[in-house]
Amino acid sequence: MRLSPEVADALADARPVVALESTLLAHGLPRPANRAAADQVEGAVRAGGAVPATIAVLDGVAHVGLTPDETDRVCADPDLAKLGVRDLPVALALGGSGATTVSSTALLAARAGIEVFATGGLGGVHRQAADTFDESADLTALARTSLVVVCAGVKSILDVPATLERLESLSVTVVGHRTRVFPGFYVADSGSVLDWSVDDAEQAAAVFAARRGLTPGAVVVANPLPVAEQLDRELHDRVIAGALAAAEAAGVRGKEVTPFVLDHLHRASEGATLAVNVRLVLHNAELAGRIAAALAALPR
Ligand code: PSU
Ligand code: MN
């Protein structure tokens with residue numbers, strides 16, 4: 001594992017750091033728009049008061065904190081692999097390169113000593129999971145990896161109630177940020193409710209500190225988009241139905257499903273889902289920066 005000098009210095013001084021994933025850039029956003037988004041997301045972490053640490057595997061080395069050239073590579077390479085936890089050993093041992101998902105980013109972040117992570121939407125239980133068994137490895141990874149994950153819920157292409165049931169079974173702590181309505185990624189309200197909410201970054205940090213002292217595993221902070229910034233509901237429901245039907249018709253399976261569906265949505269909505277996706281990640285990155293700062297201020 002290679003830490004960038006800025007990230008290494010911040011961790012050595014116990015200053016706030018926020019991990020960021022690279023699959024969202026390489027496989028979730030289209031080229032070349034993903035490159036500007038990468039810089040904006042890092043800027044949002046800094047605005048929140050923390051050092052950003054974007055994570056990816058390049059030539060067999062896990063990088064925590066990327067140089068501009070390394071970020072160029074992650075954003076430009078159309079053949080970059082998508083690496084979940086199970087893929088990491090292969091890439092590391094055989095000199096491979098790839099973008100890291102929520103599951104593998106969380107693992108590498110925790111290994112590096114980073115306790116706060118921002119993403120867009122978690123992976124989860126797919127809508128046809130009863131037939132396909134397609135459930136994201138993000139869920140089981142969060143059950144055993146100790147960090148705060150700030151997200152806008154789970155991607156709304158998924159079966160949201162089933163995903164929340166799995167998070168409960170896996171004993172992953174889930175709190176809403178100023179809401180007990182579980183956010184719906186592109187929209188503020190997924191239609192599911194939560195038992196708990198936090199009022200601010202300090203409360204989120206306190207919840208994580210309590211879990212850290214008790215048992216391994218993640219605290220998910222679900223941060224809804226402001227309603228004024230969400231995707232139009234009718235457009236949302238229409239393009240998602242179209243994208244899922246297209247994936248089915250194309251016979252897309254396994255880890256290709258999420259990138260295929262997101263790409264279809266960006267095209268079918270003429271960029272509307274892309275703009276909303278970037279915006280929600282920026283909100284999450286800024287909140288994660290503030291949570292990391294609040295956590296750094298707590299006694300250890
Ligand atoms: N959030 C986004 N866009 C994305 C993702 C998250 O706004 O593309 C990625 C994350 O890397 C997450 C992955 O881990 O989607 C889920 O993929 P799968 O469903 O194959 O587990
Ligand atoms: Mn899957």
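Note: Cβ is positioned from N, Cα and C throughout, glycine not excepted.
For reference, TrEMBL has these:
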type: ACT_SITE; residues: Glu21; note: active site, proton donor
type: BINDING; residues: Lys82, Val102, Ser136, Ala137, Asp138; note: substrate binding site
type: BINDING; residues: Asp134; note: Mn(2+) binding site
type: ACT_SITE; residues: Lys155; note: active site, nucleophile
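Locations of recorded TrEMBL features on the structure.
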{"residue": "Glu21", "record": "active site, proton donor", "Cβ contacts under 8 Å, 6 or more apart": "Thr54, Ile55, Ala99, Thr100, Thr101, Val102, Thr105, Phe117, Thr119"}
{"residue": "Lys82", "record": "substrate binding site", "Cβ contacts under 8 Å, 6 or more apart": "Thr23, Ala26, His27, Gly98, Ala99, Thr101, Lys255, Pro259"}
{"residue": "Asp134", "record": "Mn(2+) binding site", "Cβ contacts under 8 Å, 6 or more apart": "Val125, His126, Gln128, Gly254, Val257"}
{"residue": "Ser136", "record": "substrate binding site", "Cβ contacts under 8 Å, 6 or more apart": "Thr101, Val102, Ser103, Leu122, Gly123, Gly124, Val125, Thr258"}
{"residue": "Ala137", "record": "substrate binding site", "Cβ contacts under 8 Å, 6 or more apart": "Gly84, Val85, Arg86, Thr101, Ser103, Gly123"}
{"residue": "Asp138", "record": "substrate binding site", "Cβ contacts under 8 Å, 6 or more apart": "Thr101, Val102, Ser103, Ala106, Leu122, Gly123, Gly124"}
{"residue": "Lys155", "record": "active site, nucleophile", "Cβ contacts under 8 Å, 6 or more apart": "Gly120, Gly121, Leu122, Gly123, Gly124, Phe185, Thr258, Leu262"}
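For ligand 1, the neighbouring recorded positions among Glu21, Lys82, Asp134 are Glu21, by Cβ distance under 6 Å. The 10 Å shell around the Cβ of Val102 (substrate binding site) contains 29 further Cβ atoms across the protein chains shown.
The maximum pairwise C-alpha distance among Lys82, Val102, Ser136, Ala137, Asp138, the residues recorded as binding substrate, is 13 Å.
For the substrate site, the Cβ centre of Lys82, Val102, Ser136, Ala137, Asp138 serves as reference, and the other residues of the chain with Cβ at most 8 Å from it are Thr23, Gly84, Thr101, Ser103, Ser104, Leu122, Gly123, Ala141. Checking the binding-site residues Asp134, Ser136, Ala137, Asp138 against ligand 2 with a 6 Å cutoff on the Cβ atom leaves Asp134, Ser136, in sequence order.
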